[in-house]
Amino acid sequence: MDSIVQFENVGLRYGTGPEALSDLSFTLFSGQFYFLTGPSGAGKSSLLRLLYLAQRPSRGMIRLFDSDLVTLSRDRMPGFRRRIGVVFQDFRLVPHLSAFDNIALPLRIAGMRDADLATPVREILDWVGLSARGDALPATLSGGEQQRVAIARAVITRPDILVADEPTGNVDPEMAVKLLRLFEALNRMGTTIIVATHDIHLMTRIKRAQMMRLEGGRLFDPTGALRYPPKPSDLRGWEEDKG
Amino acid sequence: MLGAFFPTRHDRRLIPQARLTGPMPWVIAVMLFLTLLAAAAALALGSAADQINADLAGRATVQIVNADSDARQRQASAAEAVLRSDRAVAVVTRVSDAEVRSLLSPWLGSSALSDDIPLPSLIDVDFRRNASDATLGRLRDALAEAAPDARIDAHGQWLRPVFELIGTLRWLAIALVVLLALASIASVMLSARSSFAAHAETIDIMHLLGSTHQQIARLFQRRIALDAALGALIACLLAAPVLWLLGRAATRLDSGLVSAGSFGPFDWLLLATVPIAGIALAVVTARMTVLGALRKKL
């Protein structure tokens, strides 16, 4: 298996505050499915920000797509970001663009012509059950619909890595399972999936998924070894992490 | 090349634009209107200085003042001969006594100008090109020997203070154009920064989805380009009648100095480049400002 992400003694500090992440060392492999969990404030979102290149680490080394991120030039960052799909916890849809245009945004950024992007966007809208809402602005969509638009936008380019922060937090259980199936399908096509979630049931649904647990900015297992698949004993007591 | 400056229809939707309801087109319109007036003033003053220089700097008058009529006539003939022999002189014209009397009569009255009152002899001199100080010095020396009572007055020298004033005003107008350009740059920078801050969320999303800095800067370039084009149109519509009316009023004054400051086709062409240069300056400033702000992002 090829490694796609490598962390070595990575630390992240915001300003002069304490370290939000400390001594993270692990490797993620291409084509795998990972769940990232841990209590609120454990550093999950900070770790995801490092993964989707919104932040550089304060110390340590990160390798992504076989390149050292710490020394990577700014000019090459956009190319790397286009290979990473992101589902933000707060969706981050462009408020004055329709659902269709929000989903088409990564394709347009990548330079696809309008004539070529209608079909894939319609397909993915249909997949997330929003084919009738393509022209709707985000403000007129429910929380669940906005989340599905955000997911559709993240997967439309079939990225090498998909990073999702609580991607099923606002959808009903049926839609959550459906979205998970979409992630699985992407994963089968080779996309590495990293999902931060509190949802134990979601984690148990993907049998071959591996799990990372953060506590206090550190990996739960200090050796960095990943548990897979999660055993019921691992999950016991995690319900109280929620929220 | 232009494709790098102007984005697609979809890109335009990403950063919605206020058009004429926003302040920017009006700020640019006022700046360009003032710039056009200042540039027109600089061109008119330059043209006036050139015209007056061409009319007067190539001419001089030799005056022989001697109460003795015979001596005056003798010296005038000698001076005429000296002038005709000089290579810098093109035309020498002796002004007749009758012409001198007619020139003086508005001030002294025709009855006062009897034959008993000695009048100076005058010789008009046209030089082949503008007379330099060296040429005038050489003629003075030559005339001093042939006609000791002769005095040469270069027309350009009389008007030297006027030339200096026109030159100062011209530089002042050019300085105004530069200052207005700097003020326009500052306004566009403020507008681009404010627009950048207002759309920070959209920019952040585009950035994280893999937009290059150039793609984001292009959105703002276009926004400012349209504002500047609207502003330039308004400025031209205001400035054209004002300049036409000023030109017309200057012509009606029927003064050699003022009417010399009218515009030729090349001047109008130069004035037409002012709004175009204004738009280009605004676009480049917006691009630089936004790229500068984006450099702070990862």
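Placed from the backbone N, Cα and C atoms, the Cβ positions cover glycine too.
Listed features, source TrEMBL:
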TRANSMEM  B:169-190  transmembrane segment
DOMAIN    B:175-295  domain 'ABC3 transporter permease C-terminal'
TRANSMEM  B:224-246  transmembrane segment
TRANSMEM  B:266-294  transmembrane segment
Using a Cβ cut-off under 8 Å, which residues of the same chain at least 6 positions beyond either end of the transmembrane segment (B:169-190) come close to it?
24, 27-28, 31-32, 34-35, 38-39, 41-42, 45-46, 49, 224, 228, 278, 281-282, 285-286, 289
What is the three-state DSSP composition of the domain 'ABC3 transporter permease C-terminal' (B:175-295), stated as helix, strand and coil residue counts?
108 helix, 0 strand, 13 coil
Across the domain 'ABC3 transporter permease C-terminal' (B:175-295), the model's average pLDDT, rounded to a whole number, is 86
